[in-house]
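Taken from TrEMBL as is:
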{"type": "DOMAIN", "residues": "6-47", "note": "domain 'Chitin-binding type-1'"}
{"type": "DISULFID", "residues": "Cys9-Cys24", "note": "disulfide bond"}
{"type": "DISULFID", "residues": "Cys18-Cys30", "note": "disulfide bond"}
{"type": "DISULFID", "residues": "Cys23-Cys37", "note": "disulfide bond"}
{"type": "DISULFID", "residues": "Cys41-Cys45", "note": "disulfide bond"}
{"type": "DISULFID", "residues": "Cys81-Cys143", "note": "disulfide bond"}
{"type": "ACT_SITE", "residues": "Glu125", "note": "active site, proton donor"}
{"type": "DISULFID", "residues": "Cys240-Cys272", "note": "disulfide bond"}
Amino acid sequence: MIGARAQQCGRQRNGAVCGNGLCCSQFGYCGNTNDYCGQGCQSQCRPRPSTGGGGAGGDVASIFPPSLYEQMLKHRNDGACLSRGFYTYDAFLVACRSFPGFATTGDDATRKKELAAFFGQTSHETTGGWPTAPDGAYAWGYCFINERNQADYCTPCNYNYGPAGRAIGADLINNPDLVATDAVISFKTAIWFWMTPQGNKPSCHDVIIGKWTPSDADRSAGRVPGYGVITNIINGGLECGRGPDSRVQDRIGFYLRYCDLLQVNPGSNLDCNNQRSF
């Protein structure tokens with residue numbers, strides 16, 4: 001029985017990767033069948049075949065064509081952006097397919113909402129926008145490769161290089177520049193952070209798909225389901241529980257723009273102004 005074996009990989013083993021290219025299941029075991037490589041797989045996962053836009057799973061491309069990617073990240077290749085030419089649509093899709101649950105869980109509305117939330121947060125971290133920018137400040141996400149606000153969010157932090165690298169099969173401890181020179185790895189590290197619970201925090205993924213249920217302690221701290229608690233997960237120690245904050249509002253602005261383009265309801269509880277940090 002699986003339960004009788006010691007866990008071998010993933011978050012159960014500090015981000016360890018399976019040998020021989022095997023998939024790491026959501027429960028921390030190595031194998032090569034759908035039980036290991038399918039829903040919840042943590043690393044070295046096989047791409048799932050597209051099931052079209054029917055609303056239950058399927059490849060990310062089925063709900064997110066390149067034309068929409070270009071519209072959302074409209075100015076990422078502008079001459080003023082240091083990231084020009086780096087963040088390609090194909091690199092994003094390749095990275096997505098290493099995390100089968102990402103933007104493939106639930107109906108189409110849930111999947112699109114996850115894309116809007118993911119790009120809303122990461123666009124804030126890489127923004128090149130300003131209040132009077134052409135097409136508005138929120139059309140300038142992914143203008144920089146390294147995060148502008150280097151706090152708790154994924155790749156700038158050395159404490160995440162180890163587990164993130166092990167999860168995606170890259171030695172980021174000895175080769176941290178891969179995050180800034182390989183777009184697939186850059187996207188993979190961001191999605192890894194998004195999909196992985198951090199300490200006592202739920203994963204951003206579980207929050208946005210409605211899987212996270214706040215505890216009594218969470219509720220007493222004002223931490224309730226919604227986009228706002230994702231900001232708390234990412235950078236709550238600096239941005240949350242302080243009343244209105246321009247950084248929080250910037251994250252919301254990107255999210256609302258993307259929800260509009262994806263034609264999905266953003267939901268409620270968008271800020272973390274009155275939430276205590278985790």
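The backbone N, Cα and C atoms fix where each Cβ goes, and this holds for glycine too.
Unlike curated entries, TrEMBL annotations are predicted automatically.
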In three-state DSSP terms, the structure that Cys37 (disulfide bond) belongs to:
helix
Going by Cα-Cα distance, which of the disulfide-bonded residues (Cys9, Cys37, Cys41, Cys45, Cys272) sits nearest to Glu125 (active site, proton donor)?
Cys272
Structural state of Cys45 (disulfide bond), classified by DSSP into three states:
coil
Nearest to Cys45 (disulfide bond) by Cα, among Cys9, Cys30, Cys240 (disulfide-bonded residues)?
Cys30
If I take the alpha carbons of Cys9 (disulfide bond) and Cys272 (disulfide bond), what is the distance between them in whole Å?
34
I'd like the Cβ neighbour count for Cys240 (disulfide bond), meaning other Cβ atoms within 10 Å of its Cβ, all protein chains included.
28
Given the disulfide-bonded residues Cys18, Cys24, Cys41, Cys240, find the one whose Cα is closest in space to the Cα of Cys81 (disulfide bond).
Cys240
Around the Cβ of Cys37 (disulfide bond), how many other Cβ atoms lie within 10 Å? Please give the count over every shown protein chain.
20
Which whole-number value in Å describes the distance between the Cα atoms of Cys240 (disulfide bond) and Cys23 (disulfide bond)?
37
In three-state terms from DSSP, label Cys81 (disulfide bond) for me.
coil
